[in-house]
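What TrEMBL records for this protein:
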ACT_SITE  His176  active site, proton acceptor
BINDING   Gly8, Val9, Asn10, His11, Val12, Gly13, Asp33, Ile119, Ala120, Asn121  NAD(+) binding site
DOMAIN    3-143  domain 'Lactate/malate dehydrogenase N-terminal'
DOMAIN    146-309  domain 'Lactate/malate dehydrogenase C-terminal'
Amino acid sequence: MKKVGIIGVNHVGAHVANALLYQSLADEIYLCDTNTTLCAAQANDLVDAMSFYPRSARIIDCADRYEDLAGCDVLVNAAGHVAAAAGNRDGELFVTSAEAKTFAQRIVDAGFAGVIVTIANPNDVIATEIQGLTGYDPRKVIGSGTTLDSARLRHALADATGFDQRSISAWMLGEHGFSEFACWSHITFGSLTVPEVERRTGLTLDRSTFETAATKGGFVTYQGKQCTEYSIANSATEIIKAVLCDAHIITPVSTYIDDVYGESGVYASLPCEVGARGVERVLVPELADDEVQRWHDTCAHIRANVEKVRCW
Ligand SMILES: NC(=O)c1ccc[n+]([C@@H]2O[C@H](COP(=O)([O-])OP(=O)(O)OC[C@H]3O[C@@H](n4cnc5c(N)ncnc54)[C@H](O)[C@@H]3O)[C@@H](O)[C@H]2O)c1
């Protein structure tokens, strides 16, 4: 019996529920939102759709009762106010950090013992905050981090080269935000390196062009529909699936940083092995010198934001 709870069920949270149902990943999905009318409506809409998913699941409308989420295997945090992040994810800092405070202690007191996948922005700050407020094992609090940004990087590289996104291994690291960077030294197309692909295709792949596409791609979507939903819901579902199925996939997620190139004490994205216990291992790549500098810069940006809201 797999149980997933979702806090915040507007664009992102509801699409996570839909993705979970399409992939038959959960037997019970608990929806929770301070907008209790919305929460009831989303629950009703999902139950109306139940005949069309591969198999049935129970949808439980928890309204604003976080305690009802205590028995879940995975809790997803999609509580936010996305309009505040319209031009910069840091714009949501004081909103989402306050929202996390409304539920963190309540889920601890209710006895929640599963894994948290937090999506709300600024992602690394909120992941750091939730781990700090709950005191949970850092491996059990995962930020969706640069999972989606890495998919955006692959999208841009696929467009340029014609290779399928799934044949490209290319990751954004650090902050889910403007200070993130492409781990250019480790990109492969199948088993081919960037210089090999450039020689074979005659293309010159300009790193900054692709970094910009990965970092700002979400705002392209946002401008047209005032949210992103399919891409984040599917990338978060990949992380949730890895936990529920103990899949041990390697993907970049925001995780607690403990002496990585001298940085500690905040969440940031690195390649991680994700399984039933959350982040099973952090797999630190051997970064090029310029990437190490970018790593320090991105951690400094996240740390500065954490200090603005720290109360744990
Ligand atoms: N990490 C990523 O890659 C990524 C991508 C897209 C969106 N996001 C973030 O995900 C969050 C949700 O996005 P959205 O478009 O659905 O936002 P939204 O503003 O449309 O909806 C947020 C929902 O959260 C609810 N909520 C607010 N405070 C709550 C609380 N304390 N408890 C329960 N529910 C609460 C609101 O009532 C609302 O229904 C935002 O922070 C957004 O920036 C992250």
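The backbone N, Cα and C atoms fix where each Cβ goes, and this holds for glycine too.
Each residue of the domain 'Lactate/malate dehydrogenase N-terminal' (3-143) gets a DSSP state, and the totals for helix, strand and coil are 73 helix, 25 strand, 43 coil. Rounded to a whole number, the distance between the Cα atoms of His176 (active site, proton acceptor) and Ala120 (NAD(+) binding site) is 11 Å. If you measure from the Cα atom of Asn10 (NAD(+) binding site) to that of the residue listed as 'active site, proton acceptor', you get 21 Å. All protein chains included, Asp33 (NAD(+) binding site) registers 25 other Cβ atoms within 10 Å of its own Cβ. Listed in sequence order, Ala78, Gly80, Val82, Ile119, Cys227, Thr228, Glu229, Ile232, Ala233, Ala236 are the same-chain residues six or more apart from Val12 (NAD(+) binding site) with CB atoms under 8 A from its CB.
With Gly8, Val9, Asn10, His11, Val12, Gly13, Asp33, Ile119, Ala120, Asn121 listed as the residues that bind NAD(+), the site has a largest C-alpha separation of 17 Å. When Cβ atoms from all protein chains are considered, those within 10 Å of His176 (active site, proton acceptor) total 33, not counting its own.
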